[in-house]
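A.B. asks: As listed in Swiss-Prot for this protein:
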ACT_SITE  His373  active site, proton acceptor
BINDING   12-15, Lys26, Gln83, 88-89, Gly150, Glu165, Asn180, Asn238, Arg343, Lys361, Tyr376, Asn387  UDP-N-acetyl-alpha-D-glucosamine binding site
BINDING   Asp113, Asn238  Mg(2+) binding site
BINDING   Ala390, Asn396, Tyr397, Ser415, Ala433  acetyl-CoA binding site
REGION    1-240  region 'Pyrophosphorylase'
REGION    241-261  region 'Linker'
REGION    262-487  region 'N-acetyltransferase'
REGION    449-487  region 'Disordered'
Amino acid sequence: MAEVTNCAAIVLAAGAGTRMKSSTQKTLHEIGGRSLLGHALHAAAGLNPEHLVVVVGHQRDQVSPAVDAISEELDCAVSQAVQEEQNGTGHAVQCGLSALPEFDGTVIVTNGDVPLLRPETLRQLHEAHTGEANAVTVLSMTLEDPTGYGRVLRADDGSVTAIVEQKDASEEQRKVREVNSGVFAFDGAVLRDALTKLNSDNAQGELYITDVLEIAREAGHRVGAHVAADPEELSGVNDRVQLAAAGRLLNRRMVEEAMRGGTTIVDPDTTWIGVNVTIGQDVVIHPNTQLWGATTIADGAEVGPDTTLTNIQVGAGASVVRTHGFDSVIGSNAQIGPFTYIRPGVIVGEEGKLGGFVEAKKTQIGRGTKVPHLTYIGDATVGDYSNIGASSVFVNYDGVNKHHTTIGSHVRTGSDTMFIAPVTVGDGAYSGAGTVIKDDVPPGALAVSGGKQRNIEGWVQKKRPGTPAAEAAGKAQDAKANDQTTN
């Protein structure tokens, strides 16, 4: 495909989107971990345009900062033009063109609520537009059921004679299955001139961009249409139902891309993959798994089932089962889960383990270190090849401030150990079960706490008479006495 040159793009994002019934501006709703407007701008930026303009209007206090953030993400300058009063698509393009006062090349106009459009399709539109020497080129699509869409009518030479809306179409015209998508390529000079001739003499009292086609034809210019290969790319989003439908279509695209890249996805219907996720080869993803943000899954890892990872780096060969994790790193060949909660700032070393019902936060765990089960570990550093016993708690919060715990390498702690931070446990140290560690433990030492166990005989029967426990104790004592008598 030829390189795109002398091109600008205008993305329309000024509408109110009332059918979304939301305090969030329509184009800022997300699918695949990216806003609708973000998807549209990524597609337009794929043209490498000389100028990229977003027309903002309704709730621009929300949209403008979002545009700035997307511009930074794309590393691409994005201008903003304001449509103070939403007076139709033609008026919106007038506002966008005001940001391009000296530009007369090809102007691509697309919409901020069409998230599935690929850059390749826009490049094909540009190529058809310039290759056919059109003044206007409509990006059209062929639908099995075109009801509700404006029909694209063509002359014998293939040029477009008109776009007729459903309500204005004759019975014969309604049989046409090629329809307008609302995406166009314009000759900049022709567009600039035609916009001055638009009028609002219509039922809505608005300026329509589709009227530019008739104005261009009357001026003797050629109007053409390029049929998109996949109509699903041009699915617009106007309400929550369409938002969900577009999300499913995008996710199917992401899942199929992953499988073609060498990933086994056991159940594509219950697997969700965001657009910024990277997955290696020979990865296995089990059902009910969601991967979001900048999550990366290295070769040979296994994720799921019932797992949600957001901004997580998973190393090669690691296993992550029934885990919710955020903003953390899991080393190669590490084992995570089941029922593990990884909060931001966790680094699990190679061959490390966070087991069942473990919650970790802002913690670095060394190579081969295991936290097997029923443990909270937060604000801690643990060295290599240590083992934290079951039901241990890193007591990091004093009610005002968080404090750090440092555990050395080759440490073995007994079950139900409490680490009262700030505290340090040296290399090779041990702790007994039930130990409360309030002071530093030297390397190689055994830490124990609590006095000798004391049993108060008969306490239950004296203090809790008549209870099932007292009755059970009495029976046991009687049985013991009978055994002694018999013997």
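Each Cβ is built from the backbone N, Cα and C atoms, and glycine gets one as well.
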A.B. asks: For Ala433 (acetyl-CoA binding site), which of these binding-site residues sit within 10 Å, Cα to Cα: Gly150, Asn180, Arg343?
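C.D. replies: Candidates kept after distance check: none.
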A.B. asks: According to DSSP, folded down to helix, strand and coil, what is Tyr397 (acetyl-CoA binding site)?
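C.D. replies: Tyr397 (acetyl-CoA binding site) sits in a strand per DSSP.
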A.B. asks: Looking only at Asn238, Asn396, the binding-site residues on record, which one has the least crowded Cβ, with the fewest other Cβ atoms within 10 Å?
C.D. replies: Asn238
A.B. asks: Grab the acetyl-CoA binding residues from the record (Ala390, Asn396, Tyr397, Ser415, Ala433) and give me their largest CA-CA distance in Å.
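C.D. replies: Binding-site diameter by Cα atoms for acetyl-CoA: 22 Å.
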A.B. asks: Reduce the DSSP letter at Lys26 (UDP-N-acetyl-alpha-D-glucosamine binding site) to three states and note it down.
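C.D. replies: For Lys26 (UDP-N-acetyl-alpha-D-glucosamine binding site) - judged by DSSP and reduced to three states - the answer is helix.
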A.B. asks: If one looks at the chain holding Lys26 (UDP-N-acetyl-alpha-D-glucosamine binding site), which residues at least 6 apart in sequence have a CB under 8 angstroms from its CB?
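C.D. replies: The answer is Gly15, Ala16, Gly17, Met20, Leu36, Gly112, Asp113, Val237, Asn238.
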A.B. asks: Reported in the order helix, strand, coil, what are the DSSP residue counts of the region 'Linker' (241-261)?
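C.D. replies: Residue counts for the region 'Linker' (241-261) by secondary structure: 20 helix, 0 strand, 1 coil.
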A.B. asks: Around the C-beta of Ala390 (acetyl-CoA binding site), how many further C-beta atoms are within 10 angstroms, looking at every protein chain?
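C.D. replies: For Ala390 (acetyl-CoA binding site), the 10 Å Cβ neighbour count is 19.
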A.B. asks: Report, in whole Å, the straight Cα-to-Cα distance of His373 (active site, proton acceptor) from Ser415 (acetyl-CoA binding site).
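C.D. replies: Ser415 (acetyl-CoA binding site) and His373 (active site, proton acceptor) have their Cα atoms 10 Å apart.
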A.B. asks: Measuring Cα to Cα, tell me the gap between His373 (active site, proton acceptor) and Asn180 (UDP-N-acetyl-alpha-D-glucosamine binding site) in whole angstrom.
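C.D. replies: Between the Cα atoms of His373 (active site, proton acceptor) and Asn180 (UDP-N-acetyl-alpha-D-glucosamine binding site), the distance comes to 59 Å.
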A.B. asks: Would you pick out, from the recorded positions Arg343, His373, the residue whose Cβ has the largest number of other Cβ atoms within 10 Å?
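C.D. replies: Selected residue: His373.
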A.B. asks: Once the chains shown are all counted, how many other Cβ atoms turn up within 10 Å of the Cβ of Gly150 (UDP-N-acetyl-alpha-D-glucosamine binding site)?
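C.D. replies: Result for Gly150 (UDP-N-acetyl-alpha-D-glucosamine binding site): 22 other Cβ atoms within 10 Å.
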A.B. asks: Counting every protein chain present, what is the number of Cβ atoms, excluding its own, within 10 Å of the Cβ of Tyr397 (acetyl-CoA binding site)?
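C.D. replies: Around the Cβ of Tyr397 (acetyl-CoA binding site), 12 other Cβ atoms lie within 10 Å.
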A.B. asks: What Cα-Cα separation, expressed in whole Å, is found between Arg343 (UDP-N-acetyl-alpha-D-glucosamine binding site) and Asn396 (acetyl-CoA binding site)?
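C.D. replies: For Arg343 (UDP-N-acetyl-alpha-D-glucosamine binding site) versus Asn396 (acetyl-CoA binding site), the Cα atoms are 15 Å apart.
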